[in-house]
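Undergrad: I'd like to ask some things about the structure below.
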Amino acid sequence: MSENRALQRAHILANHILRSPPPLPSNLSLAREVCLQYSPPELSESFGGFDAKEMRRLLDGHNTEDRDWLYGLMMQSNLFNRKERGGKLFVSPDYNQTMEQQREITMRRIWYLLEKGVYRGWLTDSGPEAELRKLALLEVCGIYDHSLSIKLGVHFFLWGNAVKFFGTKRHHEKWLKNTEDYVVKGCFAMTELGHGSNVRGIETVTTYDPRTGEFVINTPCESAQKYWIGGAAKHATHTIVFSQLDINGTNQGVHAFIAQIRDEDGNICPNIRIADCGHKIGLNGVDNGRIWFDNLRIPRENLLNSVADVSPDGEYVSAIKDPDQRFGAFMAPLTSGRVTIASSAIYSAKVGLAIALRYSLSRRAFSVKANGPEVLLLDYPSHQRRLLPLLAKTYAMSFAANDLKMIYVKRTPETNKAIHVVSSGLKAVLTWHNMRTLQECREAVGGQGVKTENLVGQLKGEFDVQTTFEGDNNVLMQQVSKALFAEYVSCKKRNKPFKGLRLEHMNSARPVLPTQLSSSTLRCSQFQKNVFCLRERDLLERFTSEVAQLQGRGESRESSFLVNHELAEDLGKAFTEKAILQTVLDAEAKLPTGSLKDVLGLVRSMYALISIEEDPSFLRYGYLSRDNVGDVRREVSKLCGELRPHALALVTSFGIPDAFLGPIAFNWVEANAWSSV
């Protein structure tokens, strides 16, 4: 090796060790003007021509001021991991922490919010206004961290609501205020290793001992261990136990009991074993655990007895004699879980879209002309196609989630069935939409989506569980179809008009669609409503016909449902997407003529047409021709171009503070500069 070569290598190594830049070739200029610079999209993008604040009020639906108050509480506390990136403040969980650290900081955040009065009235106040405030604040918690909202949801909505709705005055007086103040920390032991969605099949067994006036709870086999119980592994002091109730050798079905699992010092109580479920793909701030009961004795008064009771001498009493109706009465109050999951899924999709679309309005790639400027990502039709239909769907589903919340907080015994069906469909469709949206957003921001601090990739793991907890989505869609089947058969048998489950459109003549679909026809709200109603009507008639044919050949109704599972899932989707469309139409109808109504009309048409394009049913069953489907596809592309100028205003209207988004949503150059290392 020559002396000059050796000196050159030594110089390079020295520079590397000292972290000093190598000398620049004399012919290379690094003048500032040739480097990429971040330009805020607000400087170049029009703001849509509509009032973003008014649009936000429409999207949030309720309690905007309460939401902003809670956003502020989080941003001002170091407990929420405040950090500066690219000259802006951000708050988000530190996902680099260990599982134990994440659990501990989640609990500390809960205490902080308790001290600030966030949970005031969550269980002790009643009425629609109190419930809507609670739902709004839980949604904000979920925007910050899904672990935080799930931990609160288990304590208040599962444990707390079980006490409130399954229990009676004696339980309310003893437990509700203490739950609201976190004197007790509750969890909810329904799921077992061997039974999840099939709650009727759970294997935990409870008997009654009339000599002592106590119930005795047992885990008879390993498959009966309570599994995935949020809060059980570390923090919970009490749990609701769902168990088969055996009275004098007769199984009275599933009932709910209160059991203490830890003392005030956090020690596990006798006759209880608890194990940790371990590290998960997300939600590691939630201490999921497994519970075994070994002849655990609890007072007779710990049976939640709004539906059924056991007298001191061991007599089983219930005003509801039919076991199926009794089971349904136990399950009805659990609808709140599906309501909160559906809503939180849409706020997660909003976070992903806000980050990905803001990034696409400042990040450039490739030039159309030689030596020309690079093109903004969102100016590529392909990029518009991947994000703007998802944006429109998220808008439409926001209105559907709000509608679901409103009918839930105003529920009556007469509306419980409809709420169960609508919440089942929306929980499935909205959580699937969230996962698809987050994946597309992750890919749309390229490698930046892999960084945890930019959120979109991390949120996939955090929210993936929503597709299976509180009911597996595929099972829920089949439940929707079974309910529609029962309603259809009942009305036909009694020769009565349809009334309920949003099937009233079937009392009118079958819609006839035009054979030629112009742009104005495709964007017509009546056409969109007709084609969605036609799909639901036809699929329901096909489903009932197929089931009836199988039953006529001796098959049971349940086995007939199983054979027709594909039709059932198509029908569940058709019912739910039609319900979503109707909520957008209702919101649009309330608006005066103007720019807000105009842009919402574009969003509604995009939602309707992309739903048609993505569902093979329209072509499979002949509702639309091949030429019609081609017309729909072209119209979706046109709508992408028309929504493009509104993109920034539409995500700004989400009302999510900048601090709750990822750094790449803003000055991604400065956030990654050497000075930030």
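Each Cβ is built from the backbone N, Cα and C atoms, and glycine gets one as well.
Below are the features I grabbed from TrEMBL:
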- 187-295: domain 'Acyl-CoA oxidase/dehydrogenase middle' (DOMAIN)
- Thr191, Gly230: FAD binding site (BINDING)
- 334-484: domain 'Acyl-CoA oxidase C-alpha1' (DOMAIN)
- Glu470: active site, proton acceptor (ACT_SITE)
- 534-662: domain 'Acyl-CoA oxidase C-terminal' (DOMAIN)
Undergrad: Measuring CB to CB from Glu470 (active site, proton acceptor), give everything in the same chain under 8 Å that is also at least six residues away in sequence.
TA: Leu334, Gly337, Arg338, Ile341, Lys427
Undergrad: Count the Cβ atoms, other than its own, that fall within 10 Å of the Cβ of Gly230 (FAD binding site), considering every protein chain shown.
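TA: Other Cβ atoms found within 10 Å: 26.
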Undergrad: Using DSSP, break the domain 'Acyl-CoA oxidase/dehydrogenase middle' (187-295) down into helix, strand and coil residues and give each count.
TA: 6 helix, 53 strand, 50 coil
Undergrad: Treating G and I as helix alongside H, and B as strand alongside E, what does DSSP give for the domain 'Acyl-CoA oxidase C-terminal' (534-662) in helix, strand and coil?
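TA: Once the DSSP states are binned, the domain 'Acyl-CoA oxidase C-terminal' (534-662) shows 105 helix, 0 strand, 24 coil.
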Undergrad: Same chain only, sequence gap of 6 or more: which residues have a CB within under 8 Å of the CB of Thr191 (FAD binding site)?
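TA: Long-range Cβ contacts: Lys226, Tyr227, Trp228, Ile229.
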